[in-house]
Structures are given as structure tokens and as C-alpha cells.
Amino acid sequence: MYCERFICILRILGTTLFGVSLLLGITAAYIVGYQFIQTDNYYFSFGLYGAILASHLIIQSLFAYLEHRKMKRSLETPIKLNKTVALCIAAYQEDPDYLRKCLLSVKRLTYPGIKVVMVIDGNSEDDVYMMDIFTEIMGRDKSATYIWSNNFHDKGPGETEESHRESMQHVSQLVLSNKSVCIMQKWGGKREVMYTAFKALGEAWNYVQVCDSDTMLDPASSVEMVKVLEEDPMVGGVGGDVQILNKYDSWISFLSSVRYWMAFNIERACQSYFGCVQCISGPLGMYRNSLLHEFVEDWYNQEFMGSQCSFGDDRHLTNRVLSLGYATKYTARSKCLTETPIEYLRWLNQQTRWSKSYFREWLYNAMWFHKHHLWMTYEAVITGFFPFFLIATVIQLFYRGKIWNILLFLLTVQLVGLIKSSFASFLRGNIVMVFMSLYSVLYMSSLLPAKMFAIATINKAGWGTSGRKTIVVNFIGLIPVSIWFTILLGRVIFTIYKESKKPFSESKTTVLVIGTILYACYWVLLLTLYLVLITKCGRRKKEQHYDMVLDV
């Protein structure tokens, strides 16, 4: 007992020292600005800080590659399909077409005897259409439905404690005695919906799979996640490869699709190698039910800065598994398609909400670094503080640099993005990943200010993404982007005005002309390729079926 406590203290001290030393080292490298290579007039330079980031990308890609090799070997692993699995679907004002596709994909799941529980967040007449779709797809004679005037935490109007307790027991009994169940309940948010499913299922099931109502599951998705949990009893949760269903609907959904591939197949695959995936996504995840019931109450009642948390449910669910010392994994063998915003403003609000939960959960996650591999500490420091270093770099270049420094920065952003996207194209075997280099511009122009705004408003619970049946546009996300553009564009105009009064030397003029031409040609080429791809795939999309082939 004392020995275990002593080892725990040593691990806490060790990971804390490692994390602090890493942050101080990176900060020192950034401040000192030591350059390995630099040309006259600083037209090009490569320093220590850049080398650290480049090394991180190489190491991350290497471990992701090794994890994918392990996944391929697991194809031959025999599995007994004798464990019980329950699928929980969270629904809120869903687009009828997406909901139908979701439920049809659920019916095609190959795992035997899977129980399906769909909980609808809302019990008004406007929500009944989702229950009707459920009974239509799952079969009226094979499914049970219940319209609940309350939920597990809120009583209905005029309801007593005893009647509330009886209604909870009725919901639990309904779920346990039927293979397919749909429950409409009083609105309370996604966490309330998930809580209802978890509590109603009880501890009778081995594994619980989670899914959103806009998600289309691959038939083998459940089998592949069960396989990961069966291979190692110390794996508490596993997520799959989430791809974009509506990626050809707009430029924002298309760029999101290539970003998703990088996030899952490079970043999370690398985390999976060390058993510390930091977010099992809501569209496709599976947990050991025994673990869920150890922390479901604490998960539901999570508070931050004195307020109950109303977003970041999936990330906190993952963190709760990690807090118990269990590993979290990712498997590319389990796949799904899900909807993503096609409007810029809705996407921006979604990213701001996700950034809020990321920074909040970063603090919670830090308490459990000592229970996992050092990679968890290392990556948390690198990814957590990278936006701050990047903002400092941008402001420094725009306010202290010359016009060619600004141009060089723009070229460097695209060059780094092109190198990453080329490597991703090699790993995926699909040239479409080259468009990932365009996402870097979206990151610099929109995600950076959104992340800072997320930190400034981290305790505000409102304005997440709306339901898909009725899209609500919220303009508040434009505030940080507008401020960011004003700061940078104003300085660019001032720098051009100031330097135009002095004649450029021949070498500077040459650099500016060549750089501008290269930058313009790069954009013309990629935008042309994008238009060709969208025209070609847009025609195919009308006849496209999403039964089996997900990676298209």
C-alpha cells in the first residue's frame, strides 16, 4: 500500500517536472530564436523552434504509421461475438433524411443481438417526427416507444417524488425488456440524453456504444471496436474513424473532411499507440459498461468555475476513463460517416465550442498524466501551448517585420501545409489530401482567434451548434475573427504604405515579385483542382450510396 502510494507520488513529480521542463525548453528556444540556417536579409531562416515542431510532426507520423500496422495485423485476430452490446443514439431536432440513414445503418450492423436505445432531447409535438421515423425503420412490432414528461433529473409539472421514481423505473424496465427502444424526454441537453440511456441500461450489458443521430455506421463498426476491447482488459474505451457524410456540399465541409482524416488517422492513431486517445468522438465510440457506472454520476454533475458543464460530453467521458488508469484506443477498422456544418458561421461556432471543452478538459486531463505514458504529457504541452506561440509569431512578424517578412510567413504557412498534406496523401493513398494545405489558412484566419475567444468565454454555456432540422445562425463567432483581421490587415496596409516611400533594392524587389507570383500560382492551382474535383464528385454524389465504401 505504502509502496504503491510512494510510486504514485514519484510518477506525479516526474510527469510534472517533465511537462514544466518541456514547456520552459520550448519557450526558451522560441525566445532565443537560435537559427540553424539563414540567408542575407533574413529572406529564409530555419531555427531551433522550427526544428522542434518539425521533429514533433515526424515522430507523431511515425507512431501513427506503427499503430496502423498493428491495426492491420488485428484483422486476423479471431473474436467470439458472445459479449452483449447496447447502442445509445442521442437525437436532437435531427434532419429527417440524416436520421433515416442513421437508423438504416444501425439495422445493417453485423454484431449479433445488439440492443438499440434512441433518446430524443425534447418531448414536444415538434419532436414526434423522430419517434415516428424510429418506429418506421426499426419496425412498429419490434420496437417500444415512450413519451416521458420529464427526465431522470427533472420532474414533470405537478409530479410527486413517488410518481417520478415510478416513471424512472418504467423507463428502465422498457429498455431492459425490448431490443429497440425510443424515448422522448424533457429537454436537458446531450448529457441528459446520454445519462438516460446509461442509467436505463444499467449494468446488464458488457459494452455500450455511443452514436449521434446524424451518423451512418459501417456494418462492421461494432465488431471492430469490440475486438479492441476484447484484446486488452485494460482498454476502457475505443473510438473509430469518423468521416464526413456531406463533404461535397460546401468548401467548409470539404476542408473539414481532409482535416478529420488527419485528426483521426495521424493524431489519434499516434495517441492510440500509447493508449491515451484524449477524445473518443460522439459519432463512434464504445466503452466498458462496468467503467461507465463507476463515474456516470460524476460525469453528469461535472462543474467548472462553479457552473455545471453543458458541452464537451464526449471528451469528458474519455477523460473519466483515463482518470481510472485505463487506456483509450483508436481503430481505423471501425468507420462511420457524420454530418458537419456547411455554413462558415455554424462551423465557427462549433469549433469555438469544441475549443472551450478542449481547454477545460486539458486542465482536468493534467491531473492524470502520471497514470499514463509520458507521451500524454508531451503531446498535451505541445498542442496546448502551440496556438499561443503561433499568435506571438504572427503579431511579431506583422508588427516588427518588413513586407517581405509577412510574405515569407504566408509562403511558409503554405509550404508547411503542403509538406504535411503530401505526407498525408502518401499515407492515405489519395491525392485529395493535398487540399489539407488550404486548411492551414482556415486555421490561421479563423481557428486561432476562435481559440482565444473560447478561452475568454470558457465559462459561457450558450450558442453551440443548433439542431439540423432548423439551422440557427449566430453571428457572435465573427467578433474574434473580425478583431483578428483588423489587427493584421491594418498593420499590413501601414507597412506597405511606410515601405512604399523608400525605393526597394533590386534583391528585395526580386524576392517580393517571385514570392507574390508563387503564392498566387499556388492558390490558382489548388482552387482550380478543387473546382474540378467538386464538379466531378458533385455529379457522382447524387447517385452515391453509403452502404460499405466510406473512404471515398
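Including glycine, each Cβ sits where the backbone N, Cα and C put it.
Source: prediction; values computed, not measured.
Straight from Swiss-Prot, the features:
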TOPO_DOM  1-11  topological domain 'Cytoplasmic'
TRANSMEM  12-32  transmembrane segment
TOPO_DOM  33-45  topological domain 'Extracellular'
TRANSMEM  46-66  transmembrane segment
TOPO_DOM  67-374  topological domain 'Cytoplasmic'
TRANSMEM  375-395  transmembrane segment
TOPO_DOM  396-402  topological domain 'Extracellular'
TRANSMEM  403-423  transmembrane segment
TOPO_DOM  424-429  topological domain 'Cytoplasmic'
TRANSMEM  430-450  transmembrane segment
TOPO_DOM  451-475  topological domain 'Extracellular'
TRANSMEM  476-496  transmembrane segment
TOPO_DOM  497-510  topological domain 'Cytoplasmic'
TRANSMEM  511-531  transmembrane segment
TOPO_DOM  532-552  topological domain 'Extracellular'
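The stretch with the most CB contacts under 8 Å to the transmembrane segment (511-531), chosen from 12-32, 46-66, 375-395, 403-423, 476-496, is 403-423. Note: the stretches the transmembrane segment (403-423) and the transmembrane segment (476-496) are in contact (3+ CB pairs below 8 A, sequence gap of 6 or more). Using a Cβ-Cβ cut-off under 8 Å and counting only residues 6 or more beyond its ends in the same chain, the topological domain 'Cytoplasmic' (1-11) has close neighbours at 370-371.
Residues in the topological domain 'Extracellular' (396-402) partition by DSSP class (helix H, G, I; strand E, B; coil) as 5 helix, 0 strand, 2 coil. Distant neighbours of the transmembrane segment (430-450): 254-255, 258-259, 261-262, 348, 351-352, 355, 387, 390-391, 394, 413-414, 416-418, 420-422, 424, 477, 480-481, 483-485, 526, 529-530, 533, 551; these residues of the same chain sit at least 6 beyond its ends, with a Cβ under 8 Å from one of its Cβ atoms.
Per-class residue totals from DSSP over the topological domain 'Cytoplasmic' (497-510), listed helix then strand then coil: 9 helix, 0 strand, 5 coil. Across the topological domain 'Cytoplasmic' (1-11), DSSP helix (H, G, I), strand (E, B) and coil residues number 10 helix, 0 strand, 1 coil. According to DSSP, the topological domain 'Cytoplasmic' (424-429) comprises 5 helix, 0 strand, 1 coil. Through the fold, the topological domain 'Extracellular' (396-402) approaches residues 409, 487-488, 491-492, 495, 499 of its own chain, all at least 6 residues removed from its boundaries and within a Cβ separation under 8 Å.
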